[in-house]
C-alpha cells in the first residue's frame with residue numbers, strides 16, 4: 001500500500017464518470033463531498049497487499065492515526081488514488097481494504113469521509129504547507145514471516161509509538177516543528193521532512209553513484225547479493241584510510257580494540273532477546289542443524305566479552321572498540337542506494353561501560369564532540385549535516401540544560417524527537433545526518449545511552465563496596481559506516497560541482513595527490529626524478545607518460561580531481577624547479593620541489609598515509625570500467 005497524507009484546509013470532490021466497469025454503487029449524496037481542517041489520505045492498494053489485507057489495514061490505520069496526532073487533525077478523508085502505484089490490487093480487495101480503514105478510524109473517534117471507489121473525480125485541495133503537511137507512507141505485509149520470527153519491539157512500536165517533533169535552538173527555545181521558521185535553515189527543513197515522512201525508497205540514482213563509477217572507486221558486484229559492492233584500488237585506498245583514521249581517533253580517545261566473530265547463534269538466550277529489539281532483516285547461515293545470523297553491529301561480540309570480564313569501578317568508563325568488516329543487514333531492495341544504504345557495510349563501533357547516569361552523560365557529551373572532530377577531519381563541518389536528538393518527555397524535564405548544551409555545542413537548531421514513554425533500549429540518542437542531493441538523509445555519527453543490555457547480557461562491575469552492579473552502556477559510532485562517509489564526501493562534492501565549483505577529495509584522502517606531466521619524452525627522466533623525490537616524502541604521485549597532448553593530459557588530471565599538477569619541461573629541468581597548478585585555488589606557481597613537499601606535509605599532518613594504489617606510470621594502468 002502507498003499513502004500520501006496531506007494536512008489540508010479543505011478537500012472536496014465531485015464524481016464525473018466511471019473509471020471501472022463495475023464501480024462501487026453510490027447514492028446521489030455521495031457524488032459530492034467536502035471536509036474542512038482535514039487530514040487527506042490518498043491511498044493506492046497494491047497487489048502485494050492481497051497476501052494479508054487485514055494486516056495492511058491495521059498498519060495503515062496506525063500510520064494514519066500517528067500522523068493525525070502529530071498534526072492535531074480530528075477529521076480524516078480516505079481518498080482512493082490509483083496513481084501512487086503501478087501494481088494495483090484487484091478492485092474488490094482494494095475496496096474492502098478502504099472500507100475497513102474507514103470503519104476502524106471511525107471506531108477510534110475520528111470524523112471520517114471516504115470518496116467513492118471506481119470513479120473519475122474532480123477534486124480541490126488546499127495544503128497547509130508546514131513541514132508535516134505532506135507525508136508519504138509505504139506499507140508491506142510480512143508475507144511468509146512466521147509468528148516467532150516477527151519482531152516483537154517493532155510490532156509494539158507500530159501500535160503504540162507516537163513521536164512529537166520539535167526544533168531546539170541553541171538559546172534553549174523548544175518549538176513545535178510546524179511552528180518553526182526555517183528561513184536560513186533549508187537543509188534542516190529537508191531533513192525534518194525526510195525524517196517525518198519515513199520514505200526510504202530510492203526512486204532516482206543519487207549523484208555520488210555517478211562519481212564513484214567515473215572515478216573507478218566502487219562498483220556494483222553482479223556476482224553477489226545486491227548491496228554488496230566491489231572496491232577498485234583507488235576506492236580501497238580511500239576506504240582503508242578512513243578505516244585507519246577513525247580507528248586511530250577512537251584508540252586515541254581511550255578505547256581498547258578487539259575483534260569478534262561475524263556470526264552468532266540464534267538460540268543463545270541473551271542474543272535471542274536482543275534480536276527481538278530489532279527488525280528481522282538478518283542474513284541467516286546454517287551450520288549442520290544450527291542456525292546463525294550475520295551480525296548487524298559489533299554489540300553482540302563486545303557484550304559477550306564484557307559479560308566474561310571482571311570489571312571494577314576503577315576501570316570505568318571502560319571503552320571497547322571494533323571496526324566491523326563487515327556488518328550485515330538485509331535492507332529492502334528498493335531502499336538500496338549506492339554507498340548510502342547497503343547490505344554489507346564497515347562500521348566503527350565503540351561501546352563504553354559507565355557506572356551511572358552522571359558518568360554516562362559525561363561520556364555522551366565527550367563522544368558528541370569526538371564525532372564532530374572525526375567528521376571535520378574527513379571534510380564535513382556542522383554546515384554539512386543536521387542533528388537529531390531523541391529521548392522521552394521525562395528525560396527532557398530532568399535534563400533540559402544538558403540537551404540545550406548539545407545544541408549550543410553544534411551552534412545551530414537541532415531536530416528533537418520526543419516520546420511519552422520509552423520503547424527502545426536507550427534513554428538518549430543523537431545522530432549527525434547528512435542530507436544529499438535528492439533530499440534523502442543518512443545517519444553518520446551516533447551515540448546512545450543503553451539502559452537494558454547490561455542486565456540482559458549479564459554485564460556487571462564491582463562498586464566501591466565490592467557489590468556487583470549493572471552499568472549503563474554507550475553505543476558510539478563516531479563516523480557512522482565508512483561507506484556512508486564516502487557517500488557523504490562524494491555527495492558534498494556533487495553539490496559543489498552543481499554550483500560551478502571545483503570538487504576535490506580532502507588532500508589526505510586523494511588517491512593521487514600529485515601528477516607529474518612531462519611536456520615531451522625528452523624530460524621524462526626529470527619527471528621520474530621529481531616523482532621519486534615526492535614518493536620518498538610519502539606523497540602519492542604518478543606520471544602521465546602517455547602519448548596524449550599536453551592539454552588533454554591536464555584535462556585528464558583535472559577530471560580525476562588531482563590536487564596538484566606539475567608540468568615539467570626543459571626550463572624546469574635546467575633550473576631544477578617545478579611549475580605547480582593547485583586545484584584548491586586555481587593558482588599556477590613556480591616553486592622549489594622542497595617547498596611543495598613542505599606544503600603537502602603541513603596540510604596532511606595528523607592524518608594516516610598509504611602508498612599509491614596504482615602503477616607509477618599511467619601507461620601501465622589497467623582500466624577497470626569500460
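Quick reminder: no glycine exception, Cβ is built from N, Cα and C everywhere.
Small disclaimer: the values here were computed from a predicted structure and weren't measured.
Copied over from Swiss-Prot:
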- 299, 351, 475: Zn(2+) binding site (BINDING)
- 1-144: region 'Editing domain' (REGION)
- 207-506: region 'Catalytic' (REGION)
Kindly assign residue 299 (Zn(2+) binding site) to one of the three DSSP-derived states: helix, strand or coil. helix
With every protein chain in view, how many other Cβ atoms are within 10 Å of the Cβ of residue 351 (Zn(2+) binding site)? 26
Kindly assign residue 351 (Zn(2+) binding site) to one of the three DSSP-derived states: helix, strand or coil. strand
Would you list the other residues of this chain near Zn(2+) - those whose C-beta lies within 8 angstroms of the C-beta centroid of 299, 351, 475 - in sequence order? 297, 298, 302, 303, 349, 350, 448, 450, 453, 473, 474, 476
With H, G and I counted as helix, E and B as strand and the rest as coil, say where DSSP puts residue 475 (Zn(2+) binding site). strand
In the region 'Editing domain' (1-144), how many residues does DSSP put in helix, strand and coil? 48 helix, 56 strand, 40 coil
Average the per-residue pLDDT over the region 'Catalytic' (207-506) and send me the rounded value. 94
Report, as a single number, how many Cβ atoms besides its own are within 10 Å of the Cβ of residue 475 (Zn(2+) binding site). 22
